[in-house]
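Sharing a structure below in structure tokens format, with a few things to ask.
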Amino acid sequence: MFPMVTGFMNYGQQTVRAARYIGQSFMITLSHANRLPVTIQYPYEKSITSERFRGRIHFEFDKCIACEVCVRVCPIDLPVVDWRLETDIRKKRLLNYSIDFGICIFCGNCVEYCPTNCLSMTEEYELSTYDRHELNYNQIALGRLPMSVIGDYTVRTIMNSTQIKISMDKSLDSRTITN
């Protein structure tokens, strides 16, 4: 009879422990129910990108001196620079510049090390196409600036969590009274 009582006590303890675990997990689930949804309705709502966001590369043909620093610092030797040496003025003349964004890893080394600042990162991240050959941008396509998300009236922009914290900090700072 004694082992039977011990078995019932163990069963009761295990039942209470299981009920406590279920109750704890249910409380966690209920605490998450009060939070706002994290997802956004993508085509109609877009979040504003951060200040140092690395999107599509913008290229200014007139500033480029064909030094090929961008090719040397690229971890995958991606930019294709075609140039011709002008013997009468002893300078390189840029003929063609292209980047294949299907291969690009958006590291930003080319932008950082460019001596003439002819390369810059834009906020454009929508580069999807049905054909991967359309991702090979020449100097004309690289020179086009993307349309700003903020200026588009059909798209509602949503600030991400870091931008909300920054704006809240600024509003708190503006309310402080200094003598």
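Cβ from N, Cα, C; glycine included.
Bear in mind that the values here come from a model prediction, so they are computed numbers and not experimental data.
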Which single residue out of Cys74, Cys118 does Swiss-Prot record at the [4Fe-4S] cluster 2 site shared with Cys104, Cys107, Cys110?
Cys74
Can you figure out which of Cys104, Cys107, Cys110 (the binding-site residues) comes closest in space to Cys70 ([4Fe-4S] cluster 1 binding site), comparing Cα atoms?
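Of the binding-site residues Cys104, Cys107, Cys110, Cys110 has its Cα closest to that of Cys70 ([4Fe-4S] cluster 1 binding site).
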Report, in whole Å, the straight Cα-to-Cα distance of Cys74 ([4Fe-4S] cluster 2 binding site) from Cys114 ([4Fe-4S] cluster 1 binding site).
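For Cys114 ([4Fe-4S] cluster 1 binding site) versus Cys74 ([4Fe-4S] cluster 2 binding site), the Cα atoms are 11 Å apart.
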Which residues, given as numbers and ranges, are at least 6 beyond the ends of the domain '4Fe-4S ferredoxin-type 1' (55-84) yet have a Cβ under 8 Å from it?
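Tertiary neighbours of the domain '4Fe-4S ferredoxin-type 1' (55-84) are 49, 91-101, 103-107, 109-125, 127, 137, 139, 142-143, 145-146.
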